[in-house]
Amino acid sequence: MEWSEKNEGSTPGGRGGEGGGGGGGVVYCSENAKRAKLNSTLAALLDDPILSDVPKKPSLSDVDTLISLELGSAMRISVLKLDSTSFDVVVMNSATVKDLKLCIKKKVTEMEQSQMGHRHISWKHVWANYGLLYQNEKLLNESAVLQDFGIRNNSQVQFIPFITARLNKKHTKRKKHRFFHGLNKLS
């Protein structure tokens, strides 16, 4: 074992020092105890109403974004849904429309998981049929920076139903086949 080989020669007789020789099990139990205490302390902190905007199982990027919000280098955006309810997402000040969509996807998935368990949402379908609107301007260009639209901290964007127009305005081959096949039946 690599652990015991490294620690046996650390002090004369293979004992003493930090976690040397036969104390490997004690160090392991100590680490588990520290981890359990850290998790319980973290859970107690997350139950505090002041930290209500921190997710229950935060990732490092979630914490980093919230710290950036406090420092002023990120912004909170409210997203108004079709049923007139809203939720907040936090994005960096330099975020693009694509970054906002990813944050919305993450937040909605997190909310769905906590309320209904595992549920799959086809985001390709969502973004094909719905879009985001800010002050009567559709956020269509995914590489555009949010601040270019005038979106700032505490701004509100809304989901709207729309169908993006096809660039070539042509039916796919399959749709043509179905269309003309239907005409043949009418004759």
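Start at 1 and count along the chain as shown; that gives each residue its number.
Glycine is treated like the rest: Cβ placed from N, Cα and C.
What TrEMBL says about this protein:
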- 11-24: compositional bias 'Gly residues' (COMPBIAS)
- 75-161: domain 'SNRNP25 ubiquitin-like' (DOMAIN)
- 1-24: region 'Disordered' (REGION)
Overall pLDDT of the domain 'SNRNP25 ubiquitin-like' (75-161), taken as the mean: 90
Three-state composition of the domain 'SNRNP25 ubiquitin-like' (75-161), taking helix and strand from DSSP: 31 helix, 29 strand, 27 coil
